[in-house]
Amino acid sequence: MRKITLALSAACLLFSLNSAVVARASAPTPIYTGTTAAILAEQAPIHWVSVAQIENSLVGRPPMAVGFDIDDTVLFSSPGFWRGKKTYSPDSEDYLKNPAFWEKMNNGWDEFSIPKEVARALIAMHVKRGDSIYFVTGRSQTQTETETVSKTLQDDFLIPAASMNPVIFAGDHEGQNTKTQWLEQKNIKVFYGDSDNDITAAHDVGARGIRVLRASNSTYRPLPMAGKFGEEVIVNSEY
């Protein structure tokens, strides 16, 4: 009888242990993990600047040539690129090498692009200074050599004709930073961009490269590590 009692006790103990394990395994992951003031205050150790600080740093300097990348710097242009991918190469990035895509993108699809607020502030500041404004993009030139991007940018950002220059389509060639030669040729002193190539092109010609944050919902992935070269990064510049 004692043996039977011990056996039953062992079985009950085993069952209770298994039940506890199953209960723990099936318990939902906590939704609210909490935070601390230290976590909230933590910032990446990079050189943050505001548009006002950039303007202040240029006080007393004569008008100069300044440059901007286009995609993810002054325009949130992912809608056009998203449509291009779906239309020409849903399963790859081959659409970026398709002249038909660039014909569409550079001749009307920027009507679906959203001007970034940081670009409005920067361009207005440089126009007020009397600077000459260039846009240097990695987009490919169309085979017909037509484009409406220049007019779209001029209209979106209210750039006077005296300050505006036609868009420079530097193109994209593997292993080559195609923007460098244009920054040098146009004697650009300050260049704004979201990509690593934008910043290194500026540094290569002795210009001041300033990083604009790429929006987290951009179709251009992966997102770059802003500030990795020690460059200035504009606060709240993702939109």
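The backbone N, Cα and C atoms fix where each Cβ goes, and this holds for glycine too.
No curator has checked TrEMBL annotations; they are predicted automatically.
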Looking at TrEMBL, which one out of LYS97, LYS104, LYS179 binds substrate in the same site as THR137, GLY138? LYS179
TrEMBL records ASP69, ASP71 as Mg(2+)-binding residues. Which of ASP156, ASP172, ASP194 is assigned to the same site? ASP194
If you draw a 10 Å sphere on the Cβ of THR137 (substrate binding site), how many other Cβ atoms land inside? 26
How many whole Å apart are the CA atoms of ASP194 (Mg(2+) binding site) and GLY138 (substrate binding site)? 12
Mind giving me a neighbour count for GLY138 (substrate binding site)? Other Cβ atoms within 10 Å of its Cβ, every protein chain shown. 21
Which whole-number value in Å describes the distance between the Cα atoms of ASP69 (Mg(2+) binding site) and THR137 (substrate binding site)? 5
Students should find that the Cβ of ASP69 (Mg(2+) binding site) has, within 10 Å, a number of other Cβ atoms equal to 25
